[in-house]
Amino acid sequence: MADSSEGPRAGPGEVAELPGDESGTPGGEAFPLSSLANLFEGEDGSLSPSPADASRPAGPGDGRPNLRMKFQGAFRKGVPNPIDLLESTLYESSVVPGPKKAPMDSLFDYGTYRHHSSDNKRWRKKIIEKQPQSPKAPAPQPPPILKVFNRPILFDIVSRGSTADLDGLLPFLLTHKKRLTDEEFREPSTGKTCLPKALLNLSNGRNDTIPVLLDIAERTGNMREFINSPFRDIYYRGQTALHIAIERRCKHYVELLVAQGADVHAQARGRFFQPKDEGGYFYFGELPLSLAACTNQPHIVNYLTENPHKKADMRRQDSRGNTVLHALVAIADNTRENTKFVTKMYDLLLLKCARLFPDSNLEAVLNNDGLSPLMMAAKTGKIGIFQHIIRREVTDEDTRHLSRKFKDWAYGPVYSSLYDLSSLDTCGEEASVLEILVYNSKIENRHEMLAVEPINELLRDKWRKFGAVSFYINVVSYLCAMVIFTLTAYYQPLEGTPPYPYRTTVDYLRLAGEVITLFTGVLFFFTNIKDLFMKKCPGVNSLFIDGSFQLLYFIYSVLVIVSAALYLAGIEAYLAVMVFALVLGWMNALYFTRGLKLTGTYSIMIQKILFKDLFRFLLVYLLFMIGYASALVSLLNPCANMKVCNEDQTNCTVPTYPSCRDSETFSTFLLDLFKLTIGMGDLEMLSSTKYPVVFIILLVTYIILTFVLLLNMLIALMGETVGQVSKESKHIWKLQWATTILDIERSFPVFLRKAFRSGEMVTVGKSSDGTPDRRWCFRVDEVNWSHWNQNLGIINEDPGKNETYQYYGFSHTVGRLRRDRWSSVVPRVVELNKNSNPDEVVVPLDSMGNPRCDGHQQGYPRKWRTDDAPL
């Protein structure tokens with residue numbers, strides 16, 4: 001009896017059927033040609049054997065019908081060689097083709113590796129049917145199915161969020177000793193792994209494959225590398241999965257990543273994350289904490305700074321040296337909604353840093369450009385955050401040292417505030433906010449920022465202390481110098497060669513005038529060299545519009561020095577240079593018109609018309625003149641090389657323009673065209689033209705284009721410029737006035753600057769270490785009718801009292817208060833409210849600290865008051 005464990009045996013001359021081989025291919029023998037005898041019998045659909053055939057043992061001819069049916073189908077389908085079909089069945093691929101294009105951004109075809117176990121099942125079925133009497137042995141376990149994963153497959157799975165398709169990923173990685181951070185699983189263009197891909201494809205804020213991927217990375221031993229794997233392309237370089245989770249506003253994934261070891265100080269430095277003026281799209285400060293702050297996510301900010309795993313350092317700076325406060329200033333855009341969230345986030349971070357790092361002042365950190373957040377707000381024109389910083393008032397005693405505004409005393413709606421002048425007015429020791437606002441012409445709204453308190457009152461105080469007196473002294477001095485220069489030029493000797501001898505009293509007076517003129521020229525030269533080339537932001541616009549007088553003074557000084565050098569060298573051409581300097585010197589006297597409001601805007605109109613309207617007009621007009629002069633001169637008859645004599649042959653002349661065309665006709669004709677433009681020309685040359693009609697047509701079109709069109713366009717443009725300047729005359733004059741004050745202050749030596757410094761040294765409270773907090777502050781008397789009964793954080797309870805008072809156990813001296821301050825406050829209040837609309841309500845910025853517990857939040861109505869109501 002045959003052993004049941006053996007397969008079917010082949011008889012003599014028969015070919016045994018191999019297990020798992022349905023085609024009946026003989027093993028060890030050549031393929032018989034007689035097997036092709038009945039090739040064309042049957043159809044493709046007749047491959048299924050009958051139940052009787054299936055139950056009988058395999059015989060010697062069982063493989064032939066199968067071959068016959070396969071070859072028959074091959075001929076019907078057009079296969080040229082049936083043997084190729086036979087070989088294709090022997091080596092059939094086990095990879096099932098996938099879809100033509102993978103989802104998302106992949107362009108690769110992919111498939112899944114599968115094992116065909118049906119052959120073994122058929123072989124076992126034949127054995128069981130052949131020997132039914134043997135006991136049924138337990139079926140062997142099939143080999144495990146090993147899936148094949150590559151980048152397109154993996155990215156498709158995580159994009160769909162299908163955790164079931166990731167079942168075979170871990171065995172595949174362990175079997176082939178691979179990791180999810182290998183290059184074959186990264187996007188070639190960006191270096192992106194499957195974790196950022198999953199975070200970018202969330203459904204309702206979730207993607208169930210993310211925890212599975214993290215678990216697989218932990219089992220393969222590269223969890224931190226997998227989480228912190230950054231983008232490597234130039235566009236998104238440095239971005240990690242933590243950045244994406246924060247940007248997607250998924251706090252649960254932020255917590256998961258940080259708990260697993262995500263780098264909370266990773267820096268995204270790609271081109272996409274640069275400022276817009278540098279070709280980027282969204283600059284947020286590179287760091288994850290800055291991204292959470294700039295996208296208004298305080299809950300994530302709190303977690304990053306207070307989590308038990310790895311806290312984000314709020315003092316960390318990016319590649320530009322910017323902290324998270326700098327980043328908030330950078331994204332501010334002066335809109336209401338943006339300013340509201342930026343200021344709240346700014347206060348949150350500032351207070352949190354003060355509690356976590358008491359010895360550090362986050363607001364004092366400078367970036368690579370040497371700018372603090374306050375200076376950066378001033379330089380970029382972010383008036384919302386700028387006003388909030390300089391007027392910040394903290395009521396909490398633990399963080400009161402962060403205040404920049406302190407209420408000294410209050411009486412009804414009137415209160416006196418002390419503003420911290422640190423960084424605002426530095427007396428030349430370092431760059432100040434005031435200088436940035438005045439000299440940086442790139443700030444379009446700087447006149448609005450100069451109106452913010454205490455900047456406005458600070459400029460007034462400087463003008464009262466030294467600005468007005470110094471300005472009028474400069475006016476008188478400059479006018480005297482120009483009169484001396486004029487007299488010196490007028491009384492130049494008419495005979496001889498320079499340098500002229502000095503013999504008489506008049507000669508010695510002329511010598512004194514020349515020395516004074518040369519001294520003023522040298523003084524202006526070095527002064528303007530310092531002003532033009534040592535300013536923080538000169539720029540082209542600053543030089544030719546805002547700094548036009550500095551440039552003109554510099555040119556004037558150069559002309560004076562050159563004229564003096566030519567005079568000493570004995571060259572008579574010094575006189576031509578001197579007269580240009582004389583004209584320019586008198587024109588520069590317009591600089592002093594900015595000291596008066598009546599004439600201040602007039603000089604601004606002249607500057608804008610010269611550098612804007614007139615420049616464009618002259619450019620177009622010059623092109624017209626050259627074109628028409630070339631055409632009209634070509635129509636003139638050339639001059640003959642013969643003399644025209646009268647009858648007596650004694651007075652002979654050579655014909656020249658306008659009777660004909662000679663070598664100097666073009667330059668002379670340009671002057672004639674200019675005369676025609678202003679209505680002073682004549683047509684003497686018309687008689688010497690070849691085609692008078694063409695000549696007249698050209699002249700008429702020239703007059704229409706220049707005299708009628710261009711001149712009227714110039715007048716219209718100048719009128720528009722004057723109208724624009726008139727609308728903003730107050731702001732423009734105030735800006736010029738502020739520039740004049742700072743120019744005068746910068747001309748003083750350091751000791752004079754400190755002597756005329758505005759403000760007073762005041763002890764405003766305690767520092768973070770408990771020592772007295774002494775600051776240089778500037779006092780501003782203000783009035784507020786909307787929140788005037790909430791001044792709970794005042795320093796002095798007696799309004800206008802000039803004495804030493806006690807505050808929390810130690811003395812504080814306000815110092816240098818005017819005794820008549822209270823008497824000066826009431827007229828100031830009346831002035832501020834004289835022209836105001838009764839319906840207008842001034843809403844101040846929210847103070848930092850606990851909400852007020854005061855129930856009386858409104859003042860007296862302005863249309864009535866009680867008998868005991870304060871004035």
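Just so it is clear, glycine is given a Cβ too, placed from its N, Cα and C backbone atoms.
Feature annotations, courtesy of Swiss-Prot:
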type	residues	note
BINDING	K192, K197, N201, Y236, R237, G238, Q239, R248	ATP binding site
BINDING	D682	Ca(2+) binding site
INTRAMEM	666-685	intramembrane segment
MOD_RES	Y110	phosphotyrosine
MOD_RES	Y253	phosphotyrosine
MOD_RES	Y805	phosphotyrosine
REPEAT	284-313	repeat 'ANK 2'
REPEAT	369-398	repeat 'ANK 3'
MOTIF	679-682	motif 'Selectivity filter'
TOPO_DOM	1-469	topological domain 'Cytoplasmic'
TOPO_DOM	491-507	topological domain 'Extracellular'
TOPO_DOM	535-547	topological domain 'Cytoplasmic'
TOPO_DOM	569-572	topological domain 'Extracellular'
TOPO_DOM	594-608	topological domain 'Cytoplasmic'
TOPO_DOM	637-665	topological domain 'Extracellular'
TOPO_DOM	686-693	topological domain 'Extracellular'
TOPO_DOM	723-871	topological domain 'Cytoplasmic'
TRANSMEM	470-490	transmembrane segment
TRANSMEM	508-534	transmembrane segment
TRANSMEM	548-568	transmembrane segment
TRANSMEM	573-593	transmembrane segment
TRANSMEM	609-636	transmembrane segment
TRANSMEM	694-722	transmembrane segment
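Feature map: annotations from Swiss-Prot on the structure.
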residue : record              : DSSP (3 states)
K192    : ATP binding site    : coil
K197    : ATP binding site    : helix
Y236    : ATP binding site    : coil
R248    : ATP binding site    : coil
Y253    : phosphotyrosine     : helix
D682    : Ca(2+) binding site : coil
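When the record's ATP-binding residues K192, K197, N201, Y236, R237, G238, Q239, R248 are compared pairwise by CA position, the greatest distance found is 20 Å.
Listed binding-site residues: N201, Q239; maximum Cβ neighbour count within 10 Å falls on Q239. Of the ranges 470-490, 573-593, 609-636, the one with the most Cβ pairs under 8 Å to the transmembrane segment (508-534) is 470-490. Each residue contributes its Cα atom, and for D682 (Ca(2+) binding site) and Q239 (ATP binding site) these two points are 75 Å apart.
Highest Cβ count within 10 Å among the recorded positions Y236, Y253: Y253. If you take the Cα of Q239 (ATP binding site) and the Cα of Y253 (phosphotyrosine), they are about 16 angstrom apart, rounded to a whole number. Sequence-distant neighbours of R248 (ATP binding site): residues of the same chain at least 6 apart with a C-beta under 8 Å from its C-beta are L199, L200, L202, G205.
Annotation for the binding-site residues K192, K197, R237: lowest Cβ count within 10 Å of the residue's own Cβ, R237. Long-range contacts of the topological domain 'Extracellular' (491-507) within the same chain: residues 566-568, 570-572, 574-575, each at least 6 residues beyond the stretch ends and with a Cβ under 8 Å from a Cβ of the stretch. Rounded to a whole value, the Cα-Cα separation of N201 (ATP binding site) and Y253 (phosphotyrosine) is 13 Å.
Averaged over the topological domain 'Cytoplasmic' (594-608), the predicted model reaches a pLDDT of 78. Taking only the Cα positions, the spacing between K197 (ATP binding site) and Y253 (phosphotyrosine) is 14 angstrom.
Listed binding-site residues: G238, D682; maximum Cβ neighbour count within 10 Å falls on G238. Taking the C-alpha positions, the distance from Y236 (ATP binding site) to Y253 (phosphotyrosine) comes to 21 Å.
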